[in-house]
Ligand SMILES: Cc1ncc(C[n+]2csc(CCOP(=O)(O)OP(=O)(O)O)c2C)c(N)n1
Ligand SMILES: CC(=O)[C@@H](O)[C@H](O)COP(=O)(O)O
Ligand SMILES: [Mg+2]
């Protein structure tokens, strides 16, 4: 077993190519053994086994900097940099992160998680190196999906102009999470497959020279239009025009070729783009066949590739069904995703309404402003973007949507604690980054049926509307799709009580009810309000019960700073409230990875935490 001999990248350099090929097989088996138990991003990592080995063979991390775009494909890098054993704790509470983490290793030089950041970061490393007159290499590994993110072009544009030494490795497996989209994807596939694109200028000269009489003249004429010749016949013209030396496309599973071309790239003076062709899920037939399913997967049966069936409908599934039902009666409704059609539940919608479905690629900013154009022209866009990824489009929401007061429905999936994806993916800022935007409506359903009601109600409201809901199954096994339109801005009194009031947002309502039951057994009666609207607040209901009990607790799956609780404190302060209030939510720090209930418990964001808070305030005794 060569795998056990690899503790640092330098151990790799002792191996022959044949031994490295054996190592690649061992790594694949190990990935399958571990990820089938822990869950994780299996297919992306199976696709970069040889590339990761070759990178650490040719370059000298940590002196040479390797930045993994998105970073979901960094498990092999972690195995090669001394974390083979810790991989067994992958994505578990206090275990190894599923993304690069500087606290884990010096070889993780930059943290990623959101897409398309690697080239910008790499350019930063390269420029700092140049300023310090150092000589190390800087490498960004970016996927074809991540290359649909606009930030990548901002960086390519800048790097190409500066001409600094930088290596961008385009890991092209023709997949984002689902099949890749966009004109760039089409260009890359031509680079991969069209023989014409593989010819060099010399080949063209030879071909044209063979044509008697006119051949040489043609070549001279073509020479004059060198761009067209270069564009037509030299591979990777787009990148060359941006100032990069384009190498490839090469087989990303051939260690000898990888090592040879990486060695060449290492010695080139300016920015280089190496186009590498890989197979997402390579080496595990179920993943090769369904790279989307195995992009990010829960624990699964290695023999069958099957995951544990889920009984309770997820918020995502309910959203997907409800938006189709609504679309049947509203031809103006269009649905938009940013490369997350499966994750947001829009696949069936895309099949039913292909002309009313848009997958923009990993381009959240573009998605929002395109929605603004659609809304301005009579469509009703439903923009389904994870809470964390919508952070990318904050200014577009303010500048292109709210300012023009456009009627757009933002479906914020994965809002709240997502769990195993950790800090970069927790959807815990949206209540804070949305509620202060003028004209914005912000809602949070307590369960799947209320999500349906909010979607339907949003048709009757005006302006920009955000509905935020969590990852995974909701509390209901049966969903009622017939709920009536909700009264705008109104909360729901779920329980009366004279001793205190708990104002809860989303599914945390059920933790509040649980706490109220426990308090009742201690002789205290808590009122519980389902605060469906984070903006506008139901001021009347909140003030009534705050003044009545004089003790207020707010609880939300959002950072405490600037969230729902802050909005309530602002209201109470403005209205001269003279009681006591306490906020519960995510503390002012980044929440790591682990199972959501463990993470909630770790910060007391549950019924027990509510009781503990009440005890700490001495409210049980008063
Ligand atoms: C800003 C942002 N939007 C969406 C995502 C979700 N996401 C994670 S990986 C991925 C696809 C990446 O495709 P690619 O870069 O080709 O990598 P591959 O998985 O194919 O190796 C997407 C859309 C993200 N991480 N960041
Ligand atoms: C790496 C990445 O950003 C996505 O794959 C993300 O992990 C998907 O999250 P869900 O599993 O919640 O859809
Ligand atoms: Mg890809």
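Every residue, even glycine, has its Cβ placed from backbone N, Cα and C.
Shown in sequence order, 115, 175, 176, 177, 180, 339, 361, 362 are the residues of the chain, 6+ apart in sequence, with a C-beta less than 8 angstroms from the C-beta of residue 145 (thiamine diphosphate binding site). Among the features that TrEMBL reports, thiamine diphosphate binding site is placed at 72, 113, 114, 115, 145, 146, 173, 284, 364.
Sequence annotations record features per position, and here TrEMBL assigns Mg(2+) binding site to 144, 173. In the three-state DSSP scheme, residue 144 (Mg(2+) binding site) falls into the coil class. Taking the Cβ of residue 144 (Mg(2+) binding site) as reference, residues of its chain lying under 8 Å away and at least six apart in sequence are, in sequence order, 170, 171, 172, 173, 174, 175, 176, 180, 184, 185, 188.
TrEMBL lists 313-476 with the feature domain 'Transketolase-like pyrimidine-binding'.
Close contacts with ligand 2, defined as a Cβ under 6 Å from any of its atoms, occur at 72 among the binding-site residues 72, 114, 144, 145, 173, 364.
Mean model confidence for the domain 'Transketolase-like pyrimidine-binding' (313-476) is a pLDDT of 98. Compared over the binding-site residues 72, 114, the count of CB atoms lying within 10 A of a residue's CB peaks at 72. Across the annotated binding residues for thiamine diphosphate (72, 113, 114, 115, 145, 146, 173, 284, 364), the two most widely spaced Cα atoms sit 32 Å apart. Residue 364 (thiamine diphosphate binding site) is surrounded by 28 other CB atoms, counting those within 10 A of its CB over all protein chains shown. Proximity of the binding-site residues (72, 114, 364) to ligand 3: a Cβ under 6 Å from the molecule is found for none of them.
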